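Taken verbatim from TrEMBL:
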type	residues	note
ACT_SITE	B:LYS216	active site, proton donor
BINDING	B:LYS116	NADPH binding site
BINDING	B:GLU201	L-homoserine binding site
DOMAIN	B:365-438	domain 'ACT'
There are 2 protein chains.
Amino acid sequence: MTKTTEHLGKGSDTPVGVAILGQGTVGREVLRILLANKDSLEHRVGGKLEVKGVAVGDISKPRPGVDPDLLTDDAMELIKRDDVDIVVEVIGGVDYAREVVLAALRAGKSVVTANKALVAAHSAELAEAADEAGVDLYFEAAVAAAIPVVGPLRRSLAGDQIVSVAGIVNGTTNFILDAMDTSGASYEDMVQQAIELGYAEADPSADVDGHDAASKAAILASLAFHTRVTKDDVYCEGISKITSEDIKTAREAGYAIKLLAICERFTDANGQEVIAARVHPTLIPKDHPLASVNKSFNAIFVEAEAAGRLMFYGNGAGGAPTTSAVLGDLVGAARNKVHGGRAPGESTYANLPIASFGDVLTRYHVDMRVEDRIGVLAEVSALFAKNQISLRTVRQEDKGDTARLVVVTHAAREADLAHTVSQLKELAAVKEITSVIRLEGE
Amino acid sequence: MTKTTEHLGKGSDTPVGVAILGQGTVGREVLRILLANKDSLEHRVGGKLEVKGVAVGDISKPRPGVDPDLLTDDAMELIKRDDVDIVVEVIGGVDYAREVVLAALRAGKSVVTANKALVAAHSAELAEAADEAGVDLYFEAAVAAAIPVVGPLRRSLAGDQIVSVAGIVNGTTNFILDAMDTSGASYEDMVQQAIELGYAEADPSADVDGHDAASKAAILASLAFHTRVTKDDVYCEGISKITSEDIKTAREAGYAIKLLAICERFTDANGQEVIAARVHPTLIPKDHPLASVNKSFNAIFVEAEAAGRLMFYGNGAGGAPTTSAVLGDLVGAARNKVHGGRAPGESTYANLPIASFGDVLTRYHVDMRVEDRIGVLAEVSALFAKNQISLRTVRQEDKGDTARLVVVTHAAREADLAHTVSQLKELAAVKEITSVIRLEGE
């Protein structure tokens, strides 16, 4: 639905009114930079900007540098004011944020949000409200903070067909895995260090269990494939089972282990074009551009039919990088208020079916302890063959009483691979499956 | 100047008419994908697209897959047609391209161009014509083909302040330098190989002398610093003096040599905020993200105040990648025709002075052959000290009759460094200056 008449633009005389919801790390930084760089930002908008109010939970708390007249604890009243054109939501959380963002959109305000959980859970409802009111919903900061990826997928690559997106989209887990690789230390120690250095929350589960990455995978898949994908559609496995031994084995074999958010379009066994999104620890070759993304950096690797391979790299979290993305969106939303026009909204025209995880093609790296006797390798190989899985490499190593057997498969259906591993566990010759890690990027 | 009334949008019923100028590698691919993916593209535009004509030089040449009724050799007539809304210029060259693009803009058509030489030479004139007519000028493909960088600088980073941009923006020279590094072969041999493999033109001078990179540096600096920068403002030095010995020395010291386009904002000796753009071979540490950009890949490294360090990586040339960028722009231009609104245009409000190259701060890696006797090091060091240049590392190596002396300086004014090197040449103790290469990224 095109509502051209509502986007005529207000012209450049009346200032564009901005309401900021939230004064946490990001909210404070958004307000600070907005005031400090007002001149530059107004030049880029082509019109005046004015902060009309700042909604906070506790109005009595001292907030140095914030004009007290701007403060309110009534977000609902603020967003409905006639002189507010754009609402910046940096409260976080899902339920209340959903309520205020929906109210803002329905009141005809464009919304800029950094809230990945909100967008991943309620994109359909939000997009519908924005469309009905003929306003913009921007959320560049929701995926990988300052790294431009929402914009490039929505605009720069709008003439191309995306084949896959694979991203390191959670800085906490990348910090932990990279620190384990660099120091040889255990998962537990590095989680502790991440908490102490402020890279992880005291309860790190949203990061280490992959939920944060899964929200971002849902957003990326929606954008890449023009299909509505929510977090519930994303297969999700965290990094808590990765041991320092896994990392060492990976390194020796020429791989890095990264928590990847993988979104892909493929043709399933019935010849149907489908998409899938998944998050899990992944072995990638050391010479893959994603392998050298260290510390808490993020990177998104995109493969498109015409563009080929692209990568976007940078700071995926933190107050300043998130603010950069929020203010970039704010300039875009304000430009549209001044000059008319609308940003590309949710695009779901392709509406591709979402494959079940079992139908996704993956490759397994299986590390196991087996009996050290003649015939074991034949028995194990036969099991893979019976399940139609071909092996790419097999490495056997004597370990005294037992042998270590490392098998890397070719691509096969996830369900067949998982089934094979459960059958391997039943073999008397197999003493222990030490680790099973998927492999990508070759 | 805001001409809101001209951007009301034509609504989604009348198709957006497209004229394609040129049927070289990119022109053919643009037409092919535009027709093959018409449905997807129209969904993304939110309206119909229709190719109204294709202008070529020789209308009698057989062009398989092109509807003969679309062909014309009268580009000027085509672009002025009432049913043409957007002109895609993929002819290349400067003078004739300038003429048709200006005519198209003045006739009220939005223009999408992949022509870096045109944009780098005539941005002011083109931007003015676009602004007067209230239409869009898009040129994502002009810098690093499919890698989204114009869009991110214009939009995603619109809320941030860019500090510097350093890019590998010429695939030919990156291929040559990478091949020299990998094989140990000479510059001449690798240029020959690049020509044979189609990475370089038979006359490779535009690439190897740095002119192509300088055009892109001008465009990047303009976008990053909101200041008009043309190719003439860019200091430019090619890679033809780089020897296999330089590459070997660099590798041993932990560096890669890349041809970088560097755009920076800094405060000069008078306390004035200035900008500069330069292209030259550059030593960068092996662990810098740009160092691992191999083969003919391109990458643009951006440092911004809030976002921090970002990098965009991908295919910087070729028919398909260039087409991806052109079609992305076409979708954007068509969206504005349907829904109203305008893309961000040229932004020159900051209008910062362009520093002379001599005032830029650089660091030198100087490799020289000196007399092997007591006092030489003191003499050389004294010369640097006299010119207020402090040394970071000094390495001396016995080579029989003479010694090899490798000096790496701290940052100093380019003019002082260049002057020091010319004075070094006068010293009796200095037999030969083997190489002088600038160093960045530490």
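Glycine is no exception: its Cβ is also placed from the backbone N, Cα and C atoms.
Here the features listed in TrEMBL are placed on the structure.
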residue	record	DSSP class
B:LYS116	NADPH binding site	helix
B:GLU201	L-homoserine binding site	coil
B:LYS216	active site, proton donor	helix
Could you give the number of helix, strand and coil residues in the domain 'ACT' (B:365-438) as assigned by DSSP?
24 helix, 35 strand, 15 coil
Below 8 Å Cβ to Cβ and six or more residues apart, same chain only. Which residues does that give for B:LYS216 (active site, proton donor)?
B:LYS116, B:ALA120, B:ALA142, B:VAL143, B:ALA144, B:GLY167, B:VAL169, B:ASN170, B:ALA261
Least buried by Cβ count (within 10 Å) of the binding-site residues B:LYS116, B:GLU201:
B:GLU201
Roughly where does the domain 'ACT' (B:365-438) sit in mean pLDDT, to the nearest integer?
95
